[in-house]
Amino acid sequence: MAKTLPKTDVVIVGVGWAGGIIASELTKSGLNVVGLERGKERKTEDYYMVHDELRYSMRYEMMQDLSKETITFRSNENIRALPMRQYGSFLLGDGLGGSGVHWNGQTYRFLPYDFQMRSMTTERYGKNKIPEGMTIRDWGITYDELEPYYDKFEKMAGISGEENPLGGKRSNPYPTPPMKKTPSMQMFAEATKKLNLNPYMMPAANLSENYTNPDGVARAACQYCGYCERYGCEYGAKADPVVTVIPVANKTGKFQIRTHSNVRRILHKGGKATGVMYIDVTTGEEIIQPADIVVVTSYVFNNVRLLLMSELGKPYDPASGQGVIGANYAYQVIKGSAVGFFEEKQFNNFAGAGSLGISIDDYNGDNFDHSNLNFLHGGVIALSQTGARPIQNNPVPSGTAAWGAEFKKKSLHYANRTLSIGAQGSSMAFKHHFLDLDPTYKDAFGDPLMRITFDFEDQDRELAKFLAERCSEIMKEMGASHVDYLKELGPYEIMTYQSTHNTGGVIMGAEPGTSAINNFSQMWDADNVFVVGASSFPQNAGYNPTGTVGALAYRAAEGILKYREKGGLLV
Amino acid sequence: MERNSSRDTTALEEPKDQASLEDSSSGPDSGQVHDSSRRKFLVNSGYVLGTLAVGGVISSLFGCAKDGEDNADSSAPADDNKEAAAPNYNRALMYFTQAQFRIVEAATERIFPEDESGPGAKKLGVAFFIDHQLAGDWGFNGRDYMNPPFFAGEKEQGYQGRLKRRELFDIGLRELDNYSQTTHGKGFAELEPDQQDAALKAFETEEVKLTTISAGSFFKMLRSATLEGVYSDPLYGGNLNMEGWRMRNYPGSQMSYLNIIEKDFTKIEPSSLQAHLASH
């Protein structure tokens, strides 16, 4: 028999970036908020021994324990989905701060085109440009409408950067100046300018200088130690929820975080949520937390899974294309990159920061003419210097033996003589790419795992090839003695790390029927439920998602306060 | 932050010979670059003012502990306070049999052999590293999803076997030895280096067909475990005396690169987590 606790104003499921931002905004306005976090508590002092590649990168210290819960995957509906038994393609976060702790901090804003992709594509190229089965949509919000929330997120996190010459209009400059420019970044800047492209410093959550944010939170500058992605920051220099928004919420005295609390169901009646049911994983006890408003802010997969398990919203049916929960799952095309080997020059590849880099958007969005191309969209191209840690970074020119004397010689030789230019290819939604509940495999509580049905399409193959060629041109211009780049994108596979930028499943839109939530992240089918995160992206952009997730979270917080006053659907 | 300057210069300037490799000399993090960057960082951020005082206390505590292997430094010049070098207690087996250990030592040495640039897997302690890893979580697939049912999947779906890594090693090593016996009438560890290479190649390319496991996957796991043993922090038993890092000019764990980040390639003497713990 579940224990029922006293009712609270708002209950938040998952305390990462989205949950932390919303908790901070709502508690500042006087609401009582309970944050349920399935993982453990975290603090900066945890990272005293963080420069440990084996523990954090290879053994996934910060990540979800897959023995308790994973996802299943199949390339298409004719194949039996099987569990992702070990980590590979993407890394699922866990614990206070969620994936917001082990990120690199690359904090782009999406392009205006991203938000109106369907209408702008049709307008410029005609509706036949969008191939059969591709279900890209407008977001029901424009870049200009979201701009103030981007600004808010950037000020809170102290994003370091300079204006993107090809980006949307900004109301304010970045709160801190760009990060330092390394010799390889300088070379990229010169090469791209020579090619008539428009380089700009990568927007970074690593902090180029000491910074105090509007909430009064002071943080120290980045030391370029080279341990960001998959690691927590021992300086608190990298913005994460634990060092920014969560302390602000805590200070109000109105935020109660319960760690080790795994939410299994949203409880609802007559189109309204009444609270959530969760397990205290330390005791196994079932607990009901009643609330006026339920905010779902876990990672993409658990946002979708929780709604499906709770039978909230209409599940997506790929046969008919009807229903929304689980629809428009998208990913990213990350393999279209180039590696350059320099015989004459060595670099400090071991040093760096997660978002130390320089980017161009000339081949992103619709910033270039697609009339004669067999794909839509593109991706940001960047040279970044994140710290080439030695277990995972052993680049050798193609044709080199993978082990033995030759491999040793070449991998030592090129360790500091290699640069790479990467592209974050966007990922379009398709009718047959979706998320649903696996019929066979279960988590530690006996609940079904999330099932992913996804593969790369012609769109992705063309895009990857195109972006790899552009990366290779820049690398050649930079003077590499030898350049290797992707010639052909194979099928999607779950074993190789690509990107933790999974999106969709609870998408945002202008009207119910084709979307699950409105542009305040409020569910059309249950007006006191808000589902916030990259799960709301109708398709994925050619950038890291966190800046946009942060902006959507600030907007959702505003929506929740509005809803608290007036009730009803906000759009 | 107070540091023993004689130890600093030793670590910086002493060329590492064979003896120091075997005896795992201490490596307090050191070097001009490192020192000044840390000082600069303190000034820059004001972050560690509290920690500074605490750091002094902690570092003197650790300075007193003389039984850790990394405090024993037989290759360093005589030091007034020097005690007898302790043996490296990490050099014993937690999982492998002696026979298995010899095969792993021989095989990893072929994957990452000693050459003019420095030691190979054997001297770096990679076989000890793998042994220790198999004895823990990783060997038991403790954080992997190992629930049934098990089905042979598509290649794109990744590992779908029911065997744990320690079982895969048991089988893979036995098969490697069987293959060597069949082709040369000797165990793998007794083969000539080029014969060992050929056997490993036969596994890598799946020319060898095994019934229970994939020879290619086993080789892949052995190769990646070898690189982990070469390049992980010495605290795990491999990368002896940070020689793996030193060979490729990887500085290990450094607190800050603020003062070199804009500069051309700078060689920095590596530092380990042990030194980080001891210095704060």
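Backbone N, Cα and C define each Cβ position, glycine as well.
If you look up TrEMBL, you'll see A:142-329 marked as domain 'Glucose-methanol-choline oxidoreductase N-terminal'.
The feature domain 'Glucose-methanol-choline oxidoreductase C-terminal' is assigned by TrEMBL to A:439-553. Counting residues of the domain 'Glucose-methanol-choline oxidoreductase C-terminal' (A:439-553) by DSSP class, helix then strand then coil, yields 31 helix, 30 strand, 54 coil.
Residues or ranges marked as region 'Disordered' in TrEMBL: A:161-180. Counting residues 6+ beyond its ends, the region 'Disordered' (A:161-180) has Cβ neighbours under 8 Å at 107-109, 111-112, 143-144, 147-148, 151, 154-155, 198, 200-204, 206-209, 211, 213, 222, 224, 353, 355-356, 359, 361-362, 364, 367 in the same chain.
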Remark   = In this predicted model, the domain 'Glucose-methanol-choline oxidoreductase N-terminal' (A:142-329) has a mean pLDDT of 98
Key: Secondary structure tally of the region 'Disordered' (A:161-180) (DSSP, helix then strand then coil)   = 0 helix, 1 strand, 19 coil
